[in-house]
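> Quick one: the structure is below, and I'll ask about it shortly.
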Amino acid sequence: MVSIRPDEISSIIRQQIEQYSQDVKVENVGTVLQVGDGIARIYGLQQVMSGELVEFEDGTTGIALNLEEDNVGAVLMGEGRNIQEGSTVKATGKIAQIPVGDALVGRVVSPLGAPLDGKGEIAATENRLIESPAPGIIARRSVHEPMQTGITAIDAMIPIGRGQRELIIGDRQTGKTAIAIDTILNQKGEDVICVYVAIGQKASSVANIIEVLRERGALDYTVVVAANASEPATLQYLAPYAGAAIAEYFMCKGKATLVIYDDLTKQAQAYRQMSLLLRRPPGREAYPGDVFYLHSRLLERAAKLSDALGGGSMTALPVIETQAGDVSAYIPTNVISITDGQIFLSSDLFNSGLRPAINVGISVSRVGSAAQTKAIKKIAGTLKLELAQFDELAAFAQFASDLDKATQNQLARGQRLRELLKQPQFSPLILAEQVAVVYAGVKGLIDEIPVNQVTAFVSELRSYLKTSKPEFIEKVQSSKQLDDAAEALLKEAIAEVKKNILAAV
């Protein structure tokens, strides 16, 4: 019989006690009371934060938005078809984040950073909060560098600067997305990171845009964030903030970035849907009371940072869709008041063949003139006024039978200026070409050319400058100024091209 050795037993027990670690995991859990329409009402979750991510039993994630006395209202980020009444919900202790890093460039991602392009996982370097505070007053500096769009009408009359918020507004099918995509294409070789956020669009439309960017080599410096029309309203609501977080990552590294939110009307509608389902009180047009804050906190994140913070910038081009040209509706007026100007696209101008269909009279850039290059500022000063006067005269001339010579000349000049500013899609002009085109129109050098030949004159002038006067392009592109030597070269080129056009007529 084995003898019991108490000292050995006590040493073993002591050893076990020393090795014991009290690993108690405290979880904040609740129970689903009700689920449906992308909303879950949860009982419990006493310690949950506003905007915190919660996890359901089936793996679906949600965001706690309504914190009430007896329940929590959460919006789902997935279908949530397997969530049942009485199932358990866990609070994660995290606020919505997106993985960011240089590897995002050239990729198509969801608002939560999941790859959508079938190219495998993205090697992110850090996580950023989807919602983060905008830079303060001291962190910013005024807008002073140009953000060239490649569209002559915009760069000459409604210039955009790096760090500006410029609204693109108009009815459906007036070319809003076309302007945004042209601006991305024009950033090639400019060391600008572009972020295109597609909100509530058809998957086929987004696929077409990605294909255009890929064909023209623009995907090499672009990130696409897509929340299609088939996605839950929560993801459509989060998509712009995710795009801003990605752009902020590059901005904080001292880079220039361009973000396009296409379009914020869909985001506001998604937010309205969520708010009404959460039983928040509706306001004007059934939007919740904080719909202004929805867009202001997003667009205020666009900035030109001070040199102490690296001098990076985020330029925002939000898109808003109007109904029958009504810019006095709730969402358009909100976003107009937040942004630094707007480019208004008119369906009447679009249908009359003027593309881009920019209504110069009510389009404005409030801070961009400080960033406009000297070359184009020097010659485009009177362009906007002349076109506005032409529109007024053209309306008046419909009723007047006999017009004096000066009025006839002004109408003829206006028609030619309007023709000059027509530009096909996906063909941005470099600065030197824009200077040449605007110079020819403003100085009256094409007044003898028939109106139907103006487009031919523009394309011939562009090719002539490239082949016969490359020194003009080189001078203007490098100095960003139109000096006397460059002006002399330009006059020669215009005279030569004009002679050829008139000879062929």
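Cβ coordinates come from backbone N, Cα and C, glycine included.
Annotation source Swiss-Prot lists ATP binding site at G170, D171, R172, Q173, T174, G175, K176, T177, citing sequence analysis. The site 'Required for activity' feature in Swiss-Prot is assigned to S363.
Help me see these features in their spatial surroundings.
A C-beta separation below 8 Å, combined with a sequence spacing of at least six in one chain, links T177 (ATP binding site) to I209, D262, V319.
Within 10 Å of the Cβ of S363 (site 'Required for activity') there are 22 other Cβ atoms, across all protein chains.
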> Show, in sequence order, which residues other than G170, D171, R172, Q173, T174, G175, K176, T177 on the same chain lie with their Cβ within 8 Å of the centre of the Cβ atoms of the ATP site.
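Going along the sequence, the neighbours appear as E321, L345, S347, F350.
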> Highest CB neighbour count within 10 A among the binding-site residues G170, G175?
G170
> Please determine which of the binding-site residues listed here (Q173, T174) has the lowest count of neighbouring CB atoms within 10 Å.
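Result for the binding-site residues Q173, T174: minimum number of other Cβ atoms within 10 Å at Q173.
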> Restricting to the chain of D171 (ATP binding site) and a gap of 6 or more, list residues whose Cβ falls under 8 Å of its Cβ, or answer none.
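Looking at Cβ-Cβ distances below 8 Å from D171 (ATP binding site), excluding near sequence neighbours, one finds E321, T322, Q323, A324, G325, L345, S347.
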> Mind checking which of R172, K176 has the fewest other CB atoms within 10 A of its CB? They're the binding-site residues.
R172
> C-alpha of S363 (site 'Required for activity') to C-alpha of T174 (ATP binding site): distance in Å?
15
